[in-house]
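Step one of this worksheet: look at the structure below.
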Amino acid sequence: MQGIDFVKGHGTENDFVVLPDPDGKLDLTPARVRALCDRNRGLGADGVLRVVRAGLVEDVPSDVDPDGWFMDYRNADGSVAEMCGNGVRVFAAYLREAGLAEAEFVVGTRSGPRPVVAHEDGHVTVHMGPVRIFGESTATVGGREFAGVAVDVGNPHLACLIEDDPSELDLTALDLTVPPGHDSVFFPHGVNVEFARKLAPDAIQMRVHERGVGETRSCGTGTVAAVAAMLHLAGKRTGESTVDIPGGRVRVGITEDGSTLTGPAVLVARGRLDPVWWSAY
Ligand SMILES: N[C@@H](CCC[C@H](N)C(=O)O)C(=O)O
């Protein structure tokens, strides 16, 4: 066995190991995902993006083209998630760089087809699909309860907006080294939790604790959820905002029937996994 090619990349410092697997031959077990993402015994990443033809994957939504590229996304803990906004941008950058896609194409995901536009400046716009507000709930951090809006961006989010109390404005003080408490009946499959505050009418700042990962430097679907929640609380259905996360800045647009996410996608390194290391997991 020759080893397995990989690419390492990030989108606003939400980092991924990209595994090209056009013929669907890789046996990507949860143990291998955990090892790859481990920052000591593996390459280190928030998640893995397997690049495979959609027709070779089970349980792909019926509206995804079987001949198109499919982003098989896994969280660092080995779990499967429906969608990853930063991941789609990195996935698109990989396909462009490999000469496998035009500047505009569609990425298949477990949440459905996601059209992308790769811009000359290295940014990528992803059409993130419809955003659905499905109620309100709370998150608990360090014994304090935060009200949040439940948002479905293909994956589940609880976006907590901290606006009114100046003593709560310091997002950096929140301890996200442990998962925020949440209502596991309301979110039976777990939840990504965002904490955001408004900087200006069209600018917010955000931190996130991701299901299956922990605190990350950015979460694309989370930024969309936070902007949708901010608009919802202001009684609006559409709008645009920048979102500053620890790893950089993205721009989010919410329309009547969809949403967009624009931000950078960076390919950092290419290499080959040692087959002995791979087979040990
Ligand atoms: N980082 C991602 C979201 C990845 C999936 C998430 N952790 C989940 O389990 O739903 C993004 O950029 O959207």
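Along the chain as shown, residues are numbered 1 onward.
Note: Cβ is positioned from N, Cα and C throughout, glycine not excepted.
Marked as active site by TrEMBL: CYS84. All protein chains included, CYS84 (active site) registers 31 other Cβ atoms within 10 Å of its own Cβ.
TrEMBL lists CYS84 with the feature active site, proton donor.
Sequence annotations record features per position, and here TrEMBL assigns active site, proton acceptor to CYS219. Under 8 Å, Cβ to Cβ, and six or more positions away along its own chain, CYS219 (active site, proton acceptor) finds ASN14, GLY85, ASN86, ASN192, GLU194, VAL208, GLU210, ILE245.
Counting only residues at least six positions away in the same chain, the Cβ atoms of GLY11, THR12, ASN14, CYS84, GLY85, ASN86, GLY87, VAL88, ARG89, VAL126, MET128, VAL250, LEU261, GLY263 sit under 8 Å from the Cβ of GLY220 (substrate binding site). GLY220 (substrate binding site) falls within a helical segment according to DSSP. TrEMBL lists ASN14, ASN75, GLY85, ASN86, ASN155, ASN192, GLU210, ARG211, GLY220, THR221 with the feature substrate binding site.
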Within a 10 Å radius of its Cβ, which of these binding-site residues (ASN14, ASN155) has the fewest neighbouring Cβ atoms?
ASN155
Over all pairs within ASN14, ASN75, GLY85, ASN86, ASN155, ASN192, GLU210, ARG211, GLY220, THR221, the annotated substrate binders, what is the largest Cα to Cα distance, rounded to whole Å?
17
